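Annotated in TrEMBL:
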type	residues	note
DOMAIN	1-138	domain 'Globin'
SITE	Lys84	site 'Influences the redox potential of the prosthetic heme and FAD groups'
ACT_SITE	Tyr95	active site, charge relay system
ACT_SITE	Glu137	active site, charge relay system
REGION	149-391	region 'Reductase'
DOMAIN	152-261	domain 'FAD-binding FR-type'
SITE	Glu382	site 'Influences the redox potential of the prosthetic heme and FAD groups'
Amino acid sequence: MLSTETKAIIKSTVPVLEEHGTAITTVFYKNMFEAHPELLNIFNHANQKQGRQQAALANTVYAAAVHIDNLEAILPAVVQIAHKHVSLGIKPEHYPIVGEYLLKAIKEVLGDAATDEIINAWAEAYGVIADAFIGVEQGMYEKMENQENGWKFFKNFTVARKEKESDNITSFYLKPADGSNVPTYEPGQYISVRLTIPGEQHLFNRQYSLSQAAKSDEFRISVKRESDNDPNGRVSVYLHDEVNVGDVIEVSAPAGEFVLDAAKKSPVAFVSGGVGITPMMSMFETVATVTPDRPTAFLHAARNESFHAFDKDIQKYVDTMDNAKYKTLYSDQPQGFITREVLEEMVDVTGEVYVCGPVPFMESMINELRSLGMTDEQIHFEFFGPAVALQ
Ligand code: HEM
């Protein structure tokens, strides 16, 4: 346990650290990657370039420090991040490295203002926070490993099929290279894909939602091809252009908690924008096969017909369901946006709604759903990339 004195130091210095947040995290990552270039095989280089991950990690440490008395309060946030960590194979031995370079960065940026007392207090606090993460992650790894056909870290998968779903989305059907089956998963979960790209020094990792209901012998991911010069697009372009049937890629076990409660029978709506449709496909297929009489709405926004993936698949399921409706709006067309009126028409506000898409889309959908009277407990959402706080 931290002493009262240590806690007081932590609480009084959080605002200073936040004020120097960008400087501290920039120094932290630069020094850490110089000393431990092997970590570049784990971190997303594009997020690094855009400074997104920098903010996420350090801000969470500060937020956790504020709640150091009662870490239970931030457990939901820890669990969400821990899902991402285990999907990427983060290990307990990584934590002291992050801690060491975070403290050194605080010292470097704050200079004399960072007294030994302050640094020692933060070292202690970091230790407590890291232990909380390590404990949660260990439990998740054990669950992954003990599940039927489960594993932890990465495993080789073969691309069994590659199918174009729209002008920019292609599905990859992945089977374990050792011929085994795959573990079951909850609709909405994701996997990490790890790739060696010729000419690149480090491995690339990306998370992709599983885009079909759980099947015993394969996973499916559906990947949007980003533009050639988007730093975030390196993996998607490589997958689209270079990865073909028969190729082997590394895959981690399903993780994530943006999931459908498949046992429920209450009304459910899926609202997606662009490639945000992928986790919805897994959830919707599950509803269609497990609870086909559940009142269900599928609402999707695409740029136009040629970017509209899975249309026929969705329609086919809708036709077999007792109480399902489906609507797509094309933003290239007049009135082609999902407005409050459209949500009102499609979403039963007494039920639950799942939302996934680009950040501005999500913000607008969630705000409209709230204004229609839905509570935060009813609205489930997942952002792409590092979690972003929603105002
Ligand atoms: C992602 C916090 C330790 C590697 C994240 C995210 C947060 C976070 C908030 C974003 C989650 C999201 O995208 O939803 C923390 C905290 C840590 C910690 C508070 C310490 C207590 C570590 C360690 C490693 C690590 C020890 C490995 C050396 C990563 C990676 C990502 C990530 C690779 C994915 C994003 C990217 O690739 O840029 N972490 N983290 N983290 N974390 Fe941690």
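Including glycine, each Cβ sits where the backbone N, Cα and C put it.
Where the annotation comes from TrEMBL, it is an automatic prediction and has not been curated.
Closest to Lys84 (site 'Influences the redox potential of the prosthetic heme and FAD groups') in space, going by CA atoms and restricting to the recorded positions Tyr95, Glu137, Glu382, is Glu137. Close to Tyr95 (active site, charge relay system) in the fold, though at least 6 residues off in sequence, lie Ala130, Phe133, Ile134, each with a CB less than 8 Å from its CB. The residues of the domain 'Globin' (1-138), classed with DSSP into helix (H, G, I), strand (E, B) and coil, number 120 helix, 0 strand, 18 coil.
Spatially close to Glu382 (site 'Influences the redox potential of the prosthetic heme and FAD groups') yet at least six residues away along the chain are Gly188, Gly256, Phe258, Pro279, Cys356, judged by Cβ distances under 8 angstroms. Sequence-distant contacts of Glu137 (active site, charge relay system), defined as residues of its own chain at least six apart whose C-beta falls under 8 angstroms from its C-beta, comprise Ala82, His85, Val86, Ile90, Pro92.
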